[in-house]
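The compositional bias 'Low complexity' annotation in TrEMBL covers 1-10, 28-37. Per TrEMBL, domain 'CBS' is recorded for 530-599. TrEMBL lists 1-56, 592-617 with the feature region 'Disordered'. Residues annotated as repeat 'PPR' in TrEMBL: 95-125, 206-240, 241-271.
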Amino acid sequence: MMLMRPRLLSPSPPSSRREPRPRTLSEASRVSSSSARPPGPGPRPSSNKQRPPPNLRRLTARIVDLTRRRQLAQIMAEVEASKRRARSGRGGGVNIIVMNAVLEACVSCGDVDLAVQLFDEMRGPMGCGVDGVSYGILLKGLGIARRIDEAFEILESVEKDTSDGSPRLSPHLICGFLNALIEAGDMRRANALVARFRQVLYEGQSVLLYNLLMKGYMKSNFPLGALTVKDEILRQGLKPDRLTYNTIIFACVKSAQIEKAFQFLEDMKDEAKRDDNPELLPDAVTYTTLLKGLGNSQDLYSVLKIVVEMKSSLVSIDRTAYTAMADAFLACGSIDGALCIFGEIIKQAGDNKDLRAKPHLYLSIMRAFATIGDFDMVRRLKERMWPDSVGSISRSVKQEADELLMEAAINNNQVDVARRLLRRIVNGKEHFSWRSRVGLVALKVETLSGFTNSPLRPHVFPQILLNDPVEKYMIPFRESQPLGADLILENVAMRFLKDSAVPLVNDWGSCVGIVHSRDCTKMDSPLLSMARPPLCVPCSTSLEHVIDLLLREKCEMVVVVKSGNMYEGSYTSSSRPLGVFSLGILSEATTNTANTHDERVSGAAPPGKDPEARGRG
């Protein structure tokens, strides 16, 4: 370095052999990285000096964040923008780490085709290259997409060392694909994959692979298949860990084999005591799994035994464990036991906010009290759910709380209160099934309150008698404004935005069909080609029979003709139409009934109909 210093600062003439030659870019970068620039005057840096390699950590973090939000289009846009900046010499660019993050985003968002396309670009001549991580992500995506043959082809190419990037066949490379098969419940292909690459997967003889296979049996229709995996663990000379036992206990609970679950619990304790291994002792997951099974079998004594054991052990009882205790008590019909656990949660939540109950627990207890008709308790729990629970309260949770309050009122014979709550629920709901919980309660409210005082006014017809003839409620045929059968749909399309069904007539004024708006699919076709044969009834037919006919035939309109030798469903040109009756007419009648009922309830008299005004007049 002492010889280089005078050579850099030497003002010798150009003919001297010791003249400093201009540094190349590579030499400049090596010198600048090894030592600082000496003080004093020196040659000016070249204007085309190479920029430092771009720092892509921020782009990678941005891709990871967008992946959590599942914004794949935004990820691709920002990656393309980084490539454009690199081509224009303004920094940016991509590398293997960035593109691996993009591959992971494609797989997480379910676009495996795009992941395959990007993988091909990465290993192409203009790509950034691929590594073992790239292959692992692609294999996982192909497994999720059920493209098993392509995944096996890639694994065989890696095994034969003919793939780009020369990735090493390792357990990490295969486990992503194996986990995708297990998540799909495809244990046949998962076992085939393990048998094919057994030598690679068993490197290090880890029990994690066996735990992964056990998880696969939980997804299948044969959970007890996990017990065979435990036997294989013992044959390999390995020791099961806590996750192994928890998975086996869950398999027993899922198969309703509670006695076997308790047997494995005792084996778990004995092995932990024998090996002096506290990591093998049961944890909160073990006990909550057992509580779920005991609740399903309604074994209250065993539930009490497990709860006492949990509180007397060193297990950390969190919110999930407390909720499992309360759910088990409720499943066994012990409301008092659930209230004891609920009170303990509220007491300890004052010091530990993480123990505050979620709305699920409030609803579970409210269901139990609603069944026995304890209206006051349900109302208090509903009021305290908002300020005392943790987490978001969805719209469905709010609706169920109102429904449970209505159920508690009707079970407590508070019909008026239940009717008011039902009216509020009906106004807030677009629809509900009569077979649902609220539907059954609403049916009971309707039965006890009487149909004339029903909040479900659209389905009540106090001004319509079903035994009346249909001609009393029909509209004249001419007022229905029939259309010509030879008209093109394009010329009269706006008519079907107003009316759901329109009758068609021929040149002699006879009804030849009825066109429904949902059948209008060809704009350049005549209306007659899309019409249905008219349903015709005599004018003396009862309204009840006409409504049944419309519902049975799934039609919107019937044609009313003169009484005579007329068979239902047939029509001849000699039978002149008198009028039409449709579901729209029925809907208007119910709407008018509802408005009249509202005015009667509110006590407001129509204008000009006030009795005192008439008396003064």
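Glycine is no exception: its Cβ is also placed from the backbone N, Cα and C atoms.
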Distant-in-sequence neighbours of the repeat 'PPR' (95-125), which means Cβ under 8 A and at least six residues beyond its ends:
56, 59-60, 63-64, 66-67, 70, 72, 75-76, 79, 82, 131, 133-134, 137-138, 140-142, 144-145, 147, 164-165
Taking every residue in the repeat 'PPR' (241-271), what is their average pLDDT?
91
Looking only at the repeat 'PPR' (241-271), what are its DSSP counts of helix, strand and coil residues?
27 helix, 0 strand, 4 coil
